[in-house]
Amino acid sequence: MIRRVGITITYLVFLVFLIIPLGKVFTSAVSLGTAGFWNALTRPEALHAFLVSAIIVAIVTVLNTLFGVLLALLLVRETAISRRLRHLLNSIVDLPFAVSPIIGGLMILLLLGPHTALGTFFEAQGVKIVFALPGMVLATLFVTFPLMVREVMPVLQEVGTQQEEAAYTLGANGWRTFWRVTWPSIRWGVLYGVVLTIARSIGEFGAVLVVSGNIINKTQTATTLVYQQVENFNYVAANSIALVLAALSIVILLLLEWAKKRKEVF
Amino acid sequence: MIVKHVWLKRTVQSTVLVYFLLLIVVPILGVYVQGLSEGWTKFADSVIQPIAWDAVLRTLQLAVIATLINTVFGTLIAWVLVRYRFPGRRILNSLVDLPFALPTAVGGLMILLLLGPQSWLGSFAKSHNIEIVYQQPAIVIAMIFVTFPFVIRTIQPLLEELDPAEEEASYTLGASRSGTFWKVIFPAMRPGVIGGAMLAFSRALAEFGAVVLVAGNIPGKTLVASVQIYGNVESYNPTGAAAVSVVLLTLSFLVLWSVNLLTARRDER
Amino acid sequence: MQIEVRNLKKDFGQFAAVQNVSFDIEPGKLIGLLGPSGGGKTTILRMLAGLEKPTSGEILFHGKNVNHLPPQERGIGFVFQNYALFKHMNVFDNIAFGLTVQKKTKREIQERVYEMIELIGLKGLAERYPHQLSGGQRQRVAFARALAPSPELLLLDEPFAAIDAKVRKELRTWLREMISRVGVTSIFVTHDQEEAVEVADEIMIINSGRLEQKGTPWQVYKEPQTPFVASFLGESNILPDTASITGFEAATFRLRDKSRAKTANILIRPESIEVGREHEISNPAAASIGLVKSVQFRGTLWQVEVEVGHHRLLAHRTLEKETLKPGDEVAVLIHSLHLFHEDESLFLENEIKRASSAAI
């Protein structure tokens with residue numbers, strides 16, 4: 001009895017909050033025929049927006065993976081740093097989770113915006129940060145930072161140090177030990193973190209909107225384009241891009257499931 | 001361990017720490033500095049001015065409602081997904097993460113399409129004189145959508161870890177099913193319920209993308225704090241934006257800090 | 001490899017894990033580090049390996065200080081308590097790991113690995129992954145992996161701790177034979193005295209970060225230098241004084257500092273106590289009178305608890321002799337005992353027995 005009610009409610013909640021809305025994006029996007037859909041996607045500003053998103057995703061994923069793994073290694077393995085300090089650093093890692101993306105963007109504006117000391121300095125060097133790609137990358141890096149660290153840390157803790165020590169006593173240096181011993185045990189965790197980072201950097205909206213200025217054909221990303229089209233009541237165009245993004249999310253969900261399974265095996 | 005190229009190791013480590021500090025700590029401090037840069041009174045003025053203050057209060061209120069709804073349904077769904085085997089369970093379980101994977105702007109658009117004036121749900125509601133989109137209910141729905149996974153994902157592992165023998169012991173000691181649930185199972189889930197709810201609350205406070213699309217953003221009626229900050233940024237009022245941000249950030253940090261305390265206490269046990 | 005350790009110390013924060021330990025080890029010896037858990041044995045082993053940095057003190061291999069050398073350059077092999085096999089590599093790759101680091105040719109590696117697999121008796125299992133092996137097999141692979149690069153020193157941390165009792169006995173004998181065949185200097189850590197006595201050429205007893213005694217198992221058993229060693233290795237009765245023990249009345253006067261003899265510790269091994277009817281005892285004149293309190297069957301002998309004066313003693317009695325019952329009055333002959341006072345330790349024989357045998 002309870003079981004049946006529970007399952008029914010679960011299905012209902014999923015249906016109302018997730019499945020029907022998702023379906024709605026699909027039906028609305030194709031409601032005016034595939035021609036309209038295709039048209040909306042191949043307009044130059046749409047193509048450019050996807051390109052900007054792709055560039056940001058690529059840069060952010062590489063940097064976040066590199067620094068995320070290194071910081072996780074440092075927080076878990078480095079015993080030379082006092083426990084207290086590691087504990088403090090560890091709690092700072094989570095801060096971006098608590099920061100509204102809008103504030104995340106605002107921070108970069110306040111620090112590197114046109115009227116700030118740093119902003120004018122970089123401007124003088126001919127580097128534009130805010131309302132340009134570097135600022136958007138920074139904003140996305142901020143927002144995605146905890147994802148990799150939080151995936152890799154528990155895996156490192158679980159494998160422990162013995163296999164690494166075994167490699168040292170067998171003559172392997174730090175570099176070789178990392179690639180032959182540590183990496184194989186954390187790679188699925190890293191992959192999971194990569195997928196999460198990609199998902200978050202495609203989807204990041206608030207922070208990017210603030211620092212990008214949302215300039216068509218320049219700093220507009222796929223998500224800020226959706227926003228702009230909705231504001232202009234151009235629902236077909238908004239839907240078409242949203243549909244592509246939603247499809248990507250589903251691919252990401254599948255990837256996550258797959259990575260999770262691999263992670264459990266090893 | 002004894003290491004050879006200590007300088008190399010130290011260089012890499014310092015680089016990582018500097019990156020970390022520059023990316024995370026300095027910007028957060030920057031907001032506090034800017035928010036309080038023109039003195040305490042100016043800060044208080046920016047926050048207390050009716051539009052801003054009203055937006056903060058409304059955000060808190062709506063976030064509480066969204067969190068409560070999410071906690072109830074989230075607890076139930078976590079229970080169903082862990083305890084029962086039924087067709088479609090695995091698919092539903094992976095779908096839980098959809099709001100994490102989906103861009104929030106798309107999430108907002110989804111709600112707009114579902115409940116907007118052109119949709120049949122929207123027109124049905126309108127004919128009964130209920131407005132959803134561009135009103136407060138839409139904001140709550142958007143908040144529920146983006147925070148959907150938190151409660152479920154924090155409770156699930158706790159339920160999976162729970163040793164069935166504990167439950168069986170309770171039955172052999174004569175406890176009824178409901179007695180066992182409230183005395184044995186629920187206490188095990190409780191940290192997850194509270195922790196998940198707090199995470200959901202802090203995310204709901206911070207949400208921008210989904211909310212900005214469905215809220216209508218009318219000052220005094222449907223303007224939430226994050227959208228208010230955005231408005232300030234757009235109208236070149238960084239100090240005002242920073243002031244409201246300081247309030248919102250402090251709230252979120254307090255929530256995060258209590259979640260950490262909670263989990264630390266649980267790990268100690 | 002010849003090893004010298006001088007005043008080795010290791011602190012973990014406030015905690016002194018190893019305090020002023022010094023010893024020498026001759027090449028080719030198999031040494032057991034024995035002591036209770038948490039006593040610092042593993043820390044000593046890890047410092048020898050270079051996995052832990054000494055707070056102070058020196059470690060010398062072949063007379064050369066190796067303190068600054070990382071584990072990679074010490075020429076050691078290390079067998080970890082839980083084996084620490086690389087779980088994503090099969091048996092072959094695990095054993096080959098140290099050889100590939102040495103940049104050996106493919107052929108050399110193959111030959112050596114198959115030689116090792118043959119040696120540990122796991123022929124045909126080269127393709128298996130660690131999770132497909134039993135505990136004992138994993139142990140052998142860990143051993144082969146450590147030995148494959150031909151280290152000069154083999155260090156083993158509780159090598160048998162994770163294996164069930166029956167297999168453990170077999171593996172012990174196997175390991176001993178293996179090490180003597182290879183001829184590598186080896187040090188292993190254990191908290192099991194039976195294991196240490198059975199396997200090691202020499203044992204070092206470590207307690208609370210200090211080296212209590214070093215010697216062959218027989219030496220350490222026969223002539224313990226501290227009460228801890230005496231009580232840790234073998235069974236023993238510990239008494240505060242020798243009052244009412246016939247033949248040892250004047251024992252404490254043999255100490256250097258007679259005035260403080262009250263703080264001495266007396267230790268008597270159950271096997272050096274003879275208990276029985278007066279006619280059974282080899283030298284009744286040297287015996288005290290005691291009362292049997294309890295008798296317990298211990299598999300190969302009787303364990304008899306007797307009361308002598310205000311002391312309670314545990315003694316052994318062979319199964320062939322008549323069974324004693326609680327309440328029986330018996331003669332208790334103590335052949336010898338150990339006397340400890342501060343850093344002084346004495347081994348004393350029953351004086352009356354000695355006097356009477358001298359008279360004959």
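Glycine is treated like the rest: Cβ placed from N, Cα and C.
The following features are taken from TrEMBL:
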- A:50-256: domain 'ABC transmembrane type-1' (DOMAIN)
- A:12-38: transmembrane segment (TRANSMEM)
- A:50-76: transmembrane segment (TRANSMEM)
- A:88-109: transmembrane segment (TRANSMEM)
- A:129-149: transmembrane segment (TRANSMEM)
- A:190-216: transmembrane segment (TRANSMEM)
- A:236-256: transmembrane segment (TRANSMEM)
Going along the chain, which residues at least six beyond the ends of the transmembrane segment (A:50-76) come within the CB cut-off of under 8 Å?
86, 89-90, 93, 133, 136-137, 140-141, 144-145, 147-149, 151-153, 156-157, 182, 186, 190, 193-194, 197-198, 201-202, 208, 219-223, 244
Counting Cβ pairs under 8 Å that are 6 or more apart in sequence, does the total for the transmembrane segment (A:236-256) and the transmembrane segment (A:12-38) reach three or more?
yes
Apart from its near flanks, which chain residues at least 6 from the ends of the transmembrane segment (A:129-149) lie with a Cβ under 8 angstroms of it?
52, 55-56, 59-60, 63-65, 67-69, 71-72, 75, 93-97, 99, 101, 104-105, 107-109, 112-114, 119, 122, 190, 193-194, 196-197, 200-201, 204, 207-208, 210-213, 215, 219, 221
Six or more residues beyond either end and a Cβ under 8 Å away: which residues meet both conditions relative to the transmembrane segment (A:12-38)?
235-236, 239-240, 242-243, 246
Other than its close neighbours in sequence, what residues sit by the transmembrane segment (A:88-109), given a CB gap under 8 Å and a spacing of at least six beyond its ends?
71, 75, 129-130, 135, 138-139, 142-146, 149-150, 204-211
Beyond the flanks of the transmembrane segment (A:190-216) by at least 6 residues, Cβ under 8 Å:
45, 48, 53, 56-57, 60-61, 64-65, 68-69, 100-102, 104-106, 108-109, 130-131, 135-136, 138-140, 142-144, 147-148, 150-152, 222-224, 227-228, 245, 248-249, 252, 255-256, 259-260, 262-263
